[in-house]
Amino acid sequence: MANVVLDGSAAPAKAGLPLDLSSPSKQTNFPTELESNSNADFWWRLCRPEMAGLFKQAGGYTELQQESHLRFVREHCAPWMGTVPTGHMANEAVAPVEMSVNYISSRDEGVLRFQMEPFTAVSGPHTQADDPSGKKAVCSMLRSFQHALGDVDLTWTWQLVDKFMVTAPDEVARLREAERTSLPPPLDLYQRTPQFNFAFDLSPDKKSMKTYFLPLAKSLVTGSSALDYCLDAVRSLEPHGEGLSPVADLLHQFFNTSCPGHMSCDYLGIDSTNPKRSRVKLYVSSQQHNSFNFIRAVFTLGGIAKDEATLRGLEFLRSIWHLLVNVDEGELPDSSDRPAKQLPFFLGCLYFSFEWRAGDRLPLVKLYVPQWQYAQSDRKIAKNISASLRKLGRDEAADEYLTHIKQTFPRADLDGNVSIHNQVSYAYSAETGAYLTIYYSVNSKAVARDQIY
């Protein structure tokens, strides 16, 4: 799931790769004003060590493949991460980035994923002048990604940029007023409405891009339902909107008639590839319920989805559910919600995504569980993740998980408050079987203190 970082501060570490990318390559494709950017250098020093450690954790990457991915992030992503935090924030900063490693039961190695909010584009000085939403800067950034990667199709992305980014002067004025008075927690603390996010799957042999759009801004300025706005945007996509519409209609009916609790629609994502192959991904959150019975109702769309893959997926999820919410096996009845450490809020509650392609009859449902809401320490989360990986059949990854965490995050107090793990997501498909994705905060816990500057 796309990560939203609210303060634009920083984080990451030192790794063992021989590659030295401390200065930008002469082949860089980002705008001239971003070259030799001290802000980008700061973010790069923070991101590189964690990436290198997670490559080792995932396994399956050659040194050259790691260098290719690291160079791409250094040259094309770091310049868009925003300004350098100052004072004590520099030593305990959080980057506008989230990294994750995906494990599936049918593959021996994991895959590293990298996602971020481009603060340079969406909150730079230009947003106070002629580009209030950062749309022009976002478009420039997307073109640079397309040039660097080659195999990127922005057909749908351009359409959604136009639909979701607030640019009309009257809408911008209404949004600024709403940001002062009407934002939900914790966004109200920052008086800022995220509108755009992106991610890359950094597979050993390729890079693929995904883009994410947040409907909150448009909902605030138009008064429209965020769910309706997202589903209407899906139906209107060209080409293949008509092939996406049946599942969009099914989800609309489920959320409005048979879902056993209120859900908020927070994101719409797409693969930035040929629309014939691209998935549409709708993200919703539940601040009311997190019981397993509630999850079962969502995965089956109120009993509509009864196919073998859905039922097998629920059976496996049931076997690890106690690990994901940090309770003893059998302790939590299926009908009971698991109390969270903090009052659930945006990004601090249970999330689901529904993804489908044109022509699909049903969506694939994924679940996202905020680990820091249920466990007291990263060590406990690591123990639960190791047990979950073992059930996935990934014994080697399970055995080495805590060791990798210690190596990748050398400054982390694993027995203190949670500072490393964000979420664990789960899904099951007939093609891949069960899979888990573990999401990590990108912060200075991965960096020796004297390496931040």
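Keep in mind that glycine also has a Cβ here, set from the backbone N, Cα and C atoms.
So that you can see what the record holds, here are the features copied from Swiss-Prot:
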type	residues	note
BINDING	A95, P96	L-tryptophan binding site
BINDING	K210, Y212, R279, K281, Y283, Y368, Y435	substrate binding site
Original post:
What is the interatomic distance between the Cα atoms of Y368 (substrate binding site) and A95 (L-tryptophan binding site), given in whole Å?
Top reply: 21
Original post:
To which of the binding-site residues Y212, Y368 does the lowest count of other Cβ atoms within 10 Å belong?
Top reply: Y368
Original post:
Hey, what's the widest CA-to-CA gap across K210, Y212, R279, K281, Y283, Y368, Y435, the substrate contacts in the record, in Å?
Top reply: 22
**OP:** Tell me whether A95 (L-tryptophan binding site) sits in a helix, a strand or coil according to DSSP.
**Re:** strand
Original post:
From the Cα of A95 (L-tryptophan binding site) across to the Cα of Y283 (substrate binding site), what is the distance in angstrom?
Top reply: 22
**OP:** State the Cα to Cα distance, in Å, between P96 (L-tryptophan binding site) and Y212 (substrate binding site), rounded to an integer.
**Re:** 14
Original post:
For Y212 (substrate binding site) and A95 (L-tryptophan binding site), what Cα-Cα distance in Å is obtained after rounding to a whole number?
Top reply: 18
Subject >> Around the Cβ of Y435 (substrate binding site), the count of other Cβ atoms that are within 10 Å >> reply: 21
**OP:** Could you tally the C-beta atoms, other than its own, that fall within 10 angstroms of the C-beta of R279 (substrate binding site)?
**Re:** 18
**OP:** Measuring Cα to Cα, tell me the gap between K210 (substrate binding site) and A95 (L-tryptophan binding site) in whole angstrom.
**Re:** 19
